[in-house]
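**Q** Could you have a look at this structure, given as structure tokens, before my questions?
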Amino acid sequence: SWSGPEKLLALDELIDSCEPTQVKHMMQVIEPQFQRDFISLLPKELALYVLSFLEPKDLLQAAQTCRYWRILAEDNLLWREKCKEDGIDEPLHIKRRKVLKPGFTHSPWKSAFIRQHRIDTNWRRGELKSPKVLKGHDDHVITCLQFCGNRIVSGSDDNTLKVWSAVTGKCLRTLVGHTGGVWSSQMRDNIIISGSTDRTVVSGSRDATLRVWDIETGQCLHVLMGHVAAVRCVQYDGRRVVSGAYDFMVKVWDPETETCLHTLQGHTNRVYSLQKCPLVMRRIRFLAVIGYAILGPNKHQSAVTCLQFNKNFVITSSDDGTVKLWDLKTGEFIRNLVTLESGGSGGVVWRIRASNTKLVCAVGSRNGTEETKLLVLDFDVDMK
């Protein structure tokens with residue numbers, strides 16, 4: 001019998017002596033031997049482990065290989081891990097119109113991933129449809145804005161707050177009680193928790209008081225008194241209220257007992273803002289975006305009035321009447337989401353609030369060139 005090297009030499013000589021059609025025939029016979037589906041030969045657990053190293057786009061491509069690969073690529077736990085890596089923490093349950101073929105199971109986590117991808121695409125380059133327009137503060141300035149779930153709360157220098165439906169655009173109720181302009185408001189971390197203080201908003205006013213409201217009933221639950229000048233900023237976590245004011249003071253409150261727990265002294269001028277300590281990485285990204293917004297080629301042409309983070313983006317508004325979208329990871333400009341016709345001649349976007357699927361903008365002007373209103377832009381997708 002021949003040794004291995006002798007066999008290789010014989011094959012080389014055989015191929016050299018063959019016609020092209022004969023070499024092609026050899027390829028057709030040999031090639032299938034190197035196209036065996038090794039995934040199908042593995043136990044399901046190992047096959048899923050191998051597929052877990054694929055990027056989501058490659059996983060979707062792999063699902064088109066064959067029936068068995070599609071079954072593997074629909075695995076719900078596999079897609080749960082992909083969602084976890086992408087920061088998606090809720091599966092999507094859809095009422096499906098058509099029945100899947102036997103052997104195939106619907107993956108709620110895969111649907112959630114695809115939905116989020118489509119939402120991101122809408123933010124980046126989807127058609128900008130006409131926004132829903134909410135009017136109600138007459139010609140006054142909208143000074144503060146909160147948005148959570150299907151509720152929008154706007155505060156104004158007309159001494160009131162208004163609660164709106166983000167779905168219908170209707171004003172549900174007006175919160176009356178302050179005797180000065182409302183300059184700050186905060187909902188509970190913008191997170192709804194059913195059955196708790198999820199529908200509560202805290203407002204601060206030029207009347208030097210803070211008020212705690214139930215936005216479902218419009219009832220003023222508590223009044224916090226202690227500042228001696230306008231309350232300019234407020235934070236609320238559902239348990240404690242922290243306020244900053246023109247009296248140079250920061251106060252910590254227990255809203256249930258309406259008592260001031262601590263007064264933080266040290267500032268030598270007005271306190272305009274409060275914020276929980278952000279993550280270092282987010283702070284770095286924030287600085288990168290601000291650099292582009294102020295100095296980059298697509299910079300705002302006037303002062304930046306507000307900034308919002310959502311999942312993958314940073315949104316900025318400005319005195320120049322525009323709202324700009326930026327990439328959170330790179331800081332690069334993506335596009336303008338809002339451009340007021342009166343921008344540059346008085347039109348201003350005062351405040352913005354963003355969720356994963358919606359953007360709420362409070363617009364107006366200093367000279368009457370732009371009507372005071374809220375604009376609601378929707379980037380959601382219909383997963384049927």
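Using the three backbone atoms N, Cα and C, a Cβ is placed for every residue, glycine included.
Annotations in TrEMBL come from automatic prediction, not curation.
Straight from TrEMBL, here's the annotation block:
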- 36-82: domain 'F-box' (DOMAIN)
- 149-174: repeat 'WD' (REPEAT)
- 201-223: repeat 'WD' (REPEAT)
- 224-263: repeat 'WD' (REPEAT)
- 297-336: repeat 'WD' (REPEAT)
**Q** Given the model, what does the mean pLDDT over the repeat 'WD' (149-174) come out as?
**A** 92
**Q** Quickly jot the same-chain residues contacting the repeat 'WD' (201-223) by Cβ under 8 Å, restricted to those at least six beyond its ends, or write none.
**A** 144, 146, 151, 153, 155, 157, 159, 161, 163, 173-175, 177-187, 229-234, 236, 241, 243, 245, 247, 253, 255-256, 258
